[in-house]
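Notes follow the structure.
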Amino acid sequence: MSKNIGKIVQVIGAVVDVEFSDGNLPNIFTALEIKNPNNTDAPELICEVAQHLGDNVVRTIAMDATEGLVRGMDAVDTGQPIMVPVGKPSVGRILNVIGRPVDEMGPINAEKYYPIHRPAPAFTDQNTKVELLETGIKVVDLLVPFPKGGKMGLFGGAGVGKTVILMEMINNIAKQHGGSSVFAGVGERTREGNDLYHELKDAGVLERATLVYGQMNEPPGARARVALTALACAEYFRDEEHQDVLLFIDNIFRFTQAGSEVSALLGRMPSAVGYQPTLGTDLGSLQERITSTNTGSITSVQAVYVPADDLTDPAPATTFSHLDGTLVLSRQIAELGIYPAVDPLDSTSRILDPNVVGEEHYAVARRVQMVLQKYKELQDIIAILGMDELSDEDKLTVARARRIQRFLSQPFHVAETFTGTPGQYVNLEDTIKGFKGILDGAYDHMAEGDFYMLGGIEQAVAKYEQRKLQEEN
């Protein structure tokens, strides 16, 4: 079969126009290959068809740098979208947007390749049953439960522990649920991507994760598509291996940002705040594919950058409408030395509902939040007048709140090398039992320090008894 070959007629930054003089135009989203004779070291440049301009010309978005391209060069129609390797051979590897390995560990000999553009699962295939995905992290399971096949936003500044929580979840899902994880680095710093790779490797979690990177230095075409590449990898594990997959996207804002960079080059009129007019569609086509089916699920954790802390900006505002909950990391809590530094009052989850998690879980979670909220309100009085001026009831509330606050901390498996404390995975029943006991006053005789950086409540009791023995001796 003869190849369908076009000629480059115009190059503007990341946008390349190609003419097919015989009128046999490739479809939208088809990949074209361009061999750049001026750069013989580089493999073929992949461009994705974005528009049909008329006069047998298509406008494409380049997935890599376009330096060295000149008019008249051949562009070969591959007849299919960008295809990426999926399945076992891609696990433990770093891929780029077009599925090529970038970790210098040799080629990926995959048996299956998936197109990055795929339809969302049909309504009949989707599983509408709401289930809780146990993460083994006390504060998350109790106050911000993750829905299986849901989407959670992770909000946090620099250095409050976003990456550590992500790594612990990759570790726990792999060990407890036997699931795979896919990490999409969208427009993030190359240094952070490198750090994550080495941290996952050192923690022994790399063999359960696929990393897909399109960093800040990549052209906008790559950054606008790398999340779809990662999603195709995750869909394989869900649909063919019937697994519960975790998909991490860091950062979902950069996906939108890349789309807006390309949009102007494609000649579209900008909409609000200069974003692309197709903002809702672009994000929707990605988010609708992240869902539970009758055979498996993709649960997504998405780091969300909020430009200028303005939550009404179109990019975060559009993202919010897709999220099932928000996990907010707080610098104030990190400064207290409480990790994971999840803000128990700011974080929300759609499934913290008695019909989903059960009456007991819901009641304990709400009581924990009430006690912490009361403590927050009393902090000003304590700072000015001291504890002695509080009523006996308030003193008890403060004492229990401080125990709860410390019991919300937890040593992580992936941080063992730094802390020297063995990581703990806590079952949901143990988490609920522990907090219920603190609220009911069963552990009022114990010191605050007995609850710090532990797993289940039994460990706190054991720590207390050991301390008592030492004091007696």
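Just so you know, glycine gets a Cβ as well, placed from its N, Cα and C.
What Swiss-Prot lists as ATP binding site is GLY156, GLY157, ALA158, GLY159, VAL160, GLY161, LYS162, THR163. Within 10 Å of the Cβ of GLY161 (ATP binding site) there are 19 other Cβ atoms, across all protein chains. Annotation note: GLY161 (ATP binding site) sits in a coil segment as assigned by DSSP.
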**Report entry** binding-site residues compared (GLY156, GLY157, GLY159) - highest count of Cβ atoms within 10 Å
**Finding:** GLY156
Query raised in the report: To test your reading of the ATP site: which residues beyond GLY156, GLY157, ALA158, GLY159, VAL160, GLY161, LYS162, THR163, same chain only, put their Cβ within 8 Å of the Cβ centroid of those residues?
Result: LEU329, ALA334, ALA341
Query raised in the report: Counting other CB atoms within 10 A of each CB, which of the binding-site residues ALA158, VAL160 comes out lowest?
Result: ALA158
**Report entry** Spatial neighbours, same chain, of LYS162 (ATP binding site) - Cβ under 8 Å, 6+ residues apart
**Finding:** LEU154, GLY156, ASP250, ALA303, LEU329
Query raised in the report: Near THR163 (ATP binding site), which residues of its own chain have a C-beta under 8 A away, given they sit six or more steps off in sequence?
Result: GLU192, ASP195, LEU196, GLU199
